[in-house]
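The next block holds one structure in the form of structure tokens; read it before the comments.
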Amino acid sequence: MNIQEEIKKRRTFAIISHPDAGKTTITEQLLYFGGEIREAGTVKGKKTGTFAKSDWMDIEKQRGISVTSSVMQFDYDGKRVNILDTPGHEDFSEDTYRTLMAVDAAVMVVDSAKGIEAQTKKLFEVVKHRGIPVFTFMNKLDRDGREPLDLLQELEEILGIASYPMNWPIGMGKAFEGLYDLYNQRLELYKGDERFASLEDGDKLFGSNPFYEQVKDDIELLNEAGNEFSEEAILAGELTPVFFGSALTNFGVQTFLETFLKFAPEPHGHKKTDGEIVDPYDKDFSGFVFKIQANMDPRHRDRIAFVRIVSGEFERGMSVNLPRTGKGAKLSNVTQFMAESRENVTNAVAGDIIGVYDTGTYQVGDTLTVGKNKFEFEPLPTFTPEIFMKVSAKNVMKQKSFHKGIEQLVQEGAVQLYKNYQTGEYMLGAVGQLQFEVFKHRMEGEYNAEVVMNPMGKKTVRWIKPEDLDERMSSSRNILAKDRFDQPVFLFENDFALRWFADKYPDVELEEKM
């Protein structure tokens with residue numbers, strides 16, 4: 001195997017969107033073209049019992065939303081495609097944020113009837129901060145939506161990114177006739193037996209259609225006043241190519257996939273803590289754990305650490321360093337994914353995502369290296385939780401299951417765990433309410449441990465250095481606790497309590513996470 005050639009083939013990207021914009025449906029269609037599934041199931045399959053391939057966890061199937069990031073891989077057109085499907089629900093920003101650290105590009109799915117929505121904006125900010133390319137898919141053209149020019153304007157005004165339309169819709173909703181493909185210089189037809197026609201046939205096909213006249217006017221306007229196409233600007237994350245289509249009816253998706261693969265970047269390097277960048281073509285293997293997922297196979301109560309390979313080649317059975325602990329590990333039981341199904345892998349290269357069977361060795365953010373290399377990659381972001389719950393086992397006899405469940409789910413990073421310094425009570429912190437619901441559901445469903453959860457409301461959280469800690473600092477306005485790494489942390493009732501504490505102890509440094 002020529003490793004350099006293999007690395008060049010890799011295209012690793014995440015799909016981001018607001019809930020219900022059609023992210024899971026487009027993922028399905030891409031897998032369909034990759035030959036991974038025989039028919040694209042859609043999330044609407046709640047009534048029929050056919051669930052989307054990427055929404056594999058029980059609670060996702062019930063709700064029709066993605067709450068974990070799943071990884072899928074397929075080959076298409078000489079490229080090895082790795083898709084990371086991110087949670088579309090706003091409460092799962094931490095997991096999503098980390099996933100976006102492991103990709104080289106992002107596909108942003110927008111509901112053409114709703115335009116840019118809150119969660120899309122939030123996720124886009126993360127992608128923009130990383131400076132990776134964004135490809136936009138304006139979805140649901142089979143329904144009535146906003147004017148295409150207005151949608152492009154929203155990209156520029158709300159997200160602050162220039163856009164270039166790769167194709168243009170001819171009509172919408174019931175009047176939808178197809179796409180005027182500017183990049184490939186052809187028409188893509190929504191109805192009839194023929195899929196494509198030449199631009200010269202446009203007047204013959206749509207001559208009397210008022211929408212087609214509008215399309216020609218719009219394109220003339222774009223040619224005169226629109227942005228210029230620039231591959232350089234796309235790769236720099238300064239220009240987003242825009243594709244129109246309908247994931248549900250599988251229209252425009254294959255054209256999108258083929259064009260995307262032409263312009264999406266090869267695997268990029270990753271920054272170490274000393275600021276140096278590790279090149280994907282370095283011969284030495286390196287990677288980082290961006291996610292840990294328990295119970296991908298509930299029958300075996302397993303846990304998988306998801307690793308983005310940054311450089312070199314993984315070979316089954318290889319020994320790696322874990323600089324965080326100073327110890328080593330052997331990578332013998334390693335898999336690659338198709339949502340819930342997986343297969344053992346013997347080789348993988350930079351750009352690939354592998355799953356390492358984990359018995360408690362790894363943490364999110366861990367760096368893996370080989371040989372004398374003991375460096376670490378820059379730390380992954382963590383979020384400061386905003387709402388808290390006290391949590392305990394409903395049945396004292398189930399304490400063992402309770403502790404195992406908490407330990408595993410907390411290591412995934414979906415909730416954060418704190419322990420009251422004085423009472424030893426467990427407290428959970430989260431960004432949003434849904435995280436608690438998912439935690440409770442999974443504790444009961446996967447660990448057979450019913451839990452009692454009591455709301456503590458919102459808190460303002462600050463970490464302090466262990467050497468600054470004095471237990472007398474604890475008062476009725478705060479709770480002194482330890483996080484899961486045994487670091488001291490204060491949970492303040494409100495901002496007033498925080499300011500009061502800061503005034504009383506001016507020499508104590510209070511640290512806030514992201």
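Even glycines carry a Cβ here, placed using N, Cα and C.
Look at Swiss-Prot and you will find 8-268 tagged as domain 'tr-type G'.
Per Swiss-Prot, GTP binding site is recorded for 17-24, 85-89, 139-142, and the stated evidence type is sequence analysis.
The secondary structure of D20 (GTP binding site), as reduced to three states from DSSP, is coil rather than helix or strand. Shown are the binding-site residues S17, T86; the one with the most C-beta atoms within 10 angstroms of its own C-beta is T86. Model confidence over the domain 'tr-type G' (8-268) is summarised by a mean pLDDT of 87. Cβ environment of L141 (GTP binding site): S112, P169, M172, G173, F176, F244, G245, S246, F251, G252 lie under 8 Å away, each six or more residues apart in the same chain.
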